[in-house]
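**Student:** Starting off with a structure, shown below.
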Amino acid sequence: MEFTCSPCACVGFLQVLQLPPTVQKHAEVSRNCTEFGWSEPFPHYIDACLYEEGNSSHPDMYYVSVKALYTVGYSTSLVSLTTAMVILCRFRKLHCTRNFIHMNLFVSFILRAISVFIKDGVLYAKEDSEHCFIHTVSNTSVACRAVMIFFHYCVLSNYFWLFIEGLYLFTLLVETFFPEKRYFYWYIIIGWGTPTVCVTIWAVLRLHFDDIGCWDMNDNAAIWWVIKGPVLASIMINFVLFIGIIIILVQKLQSPDIGGNESSIYLRLARSTLLLIPLFGIHYTVFAFSPENVSKRERLVFELGLGSFQGFVVAVLYCFLNGEVQSEIKRKWRSWTVNRYFAVDLKHRHPSLASSGVNGGTQLSILSKSSSQIRMSSLQAETPAT
């Protein structure tokens, strides 16, 4: 009699799970597929994950804290980015190529936050403190793998739109005549099309050569480079563009046509640099080319914890604090206030007009027409007859 524990595990199959490097006692946990199902893990999760005696702290509390941090970060980013998208979509005067690129970047951040929440909900739906805060149960369902494909697509799209932001700004500074609309279609293809190709290739390779579990573990380095390679390339190119833009800004700020003393010039340069860092994702270069097992705790805090707030920072800097956006909101607010004032005033002075559906805008047009007619009649009266 043959008893299968999962679609890819038969009797005698040994499953080995690598534990995080923070685990001090054991580096891995294993279990066997028997005629009666999976055996108990050896060593047990409690024995494998707890620190040595005399240390009451639990290593997985660190991961719980990191997860809580990036959950707050992605939630904050999701709310702020959604609000920014509504503002940019609502006001037609803000519709331009630059803001369209910002909007696509906002959408990529939104999708990334949503994909993280979905992934955590699927992988850690049955998590408990005895499992070292990592996914240990093999889930071979199509839905689970689809979630991982969607997650990698959203992350890769986010990196590519950060790259497009840098490429657009660099081209804008270098090119004198820049056909923005024609280039924008290429930006769409690069930002959303290239990740589709990369993730599709990765999924096909995983299906044929590394079809294990939910595809959440990337033990096959060659296949993982299909995703990691484009990410590192976008980070590296963006860093080069960032340096190039800083050089151009230094040259422009030192131009005699720009007033101000030396301190004000460096102040403006520092401000421009700080604004470009979250837009280009320059902070990713800190651990981009270091081995994944080196400084893993610091990497988690920096990339997951602090990186989850990047969408919030981008929304604040390039929407909420944008002078053009603030001017448009103030203009709309003044227009609404004036219309509301005249609507209330008209209702009190002329109830018959108010009941007939004349609004504040109509009242403004009536007043402007009346004033122009009065001016014309007064000019005719002052003109002597010839």
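Easy rule for this one: first residue shown is 1, then count along the chain.
Here the Cβ of each residue, glycine as well, is placed from N, Cα and C on the backbone.
Per TrEMBL, domain 'G-protein coupled receptors family 2 profile 2' is recorded for 66-322. Look at TrEMBL and you will find 68-88, 100-118, 159-178, 185-205, 225-249, 269-289, 301-321 tagged as transmembrane segment.
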**Student:** Please give the sequence-distant neighbours of the transmembrane segment (269-289): residues at least 6 beyond its ends with Cβ less than 8 Å from one of its Cβ atoms.
**Tutor:** 159, 162, 165-166, 169, 232, 235-236, 238-239, 241-242, 245-246, 249-250, 253, 295, 298-299, 302-303, 306-307, 310, 313-314, 317-318
**Student:** Should anything in the same chain at least six residues away from the transmembrane segment (100-118) have a Cβ under 8 Å from its Cβ atoms, list it; otherwise answer none.
**Tutor:** 70-71, 74-75, 77-78, 81-82, 84-85, 88-89, 147, 150-151, 153-155, 157-158, 160-162, 164-165, 168, 184, 187-188, 191-192, 308, 310-311, 314-315, 318-319
**Student:** Between 0 and 100, where does the mean pLDDT of the domain 'G-protein coupled receptors family 2 profile 2' (66-322) sit?
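**Tutor:** Result for the domain 'G-protein coupled receptors family 2 profile 2' (66-322): average pLDDT 84.
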**Student:** Taking 68-88, 225-249, 301-321 as candidates, which has the most Cβ pairs under 8 Å with the transmembrane segment (185-205)?
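**Tutor:** Result: 225-249.
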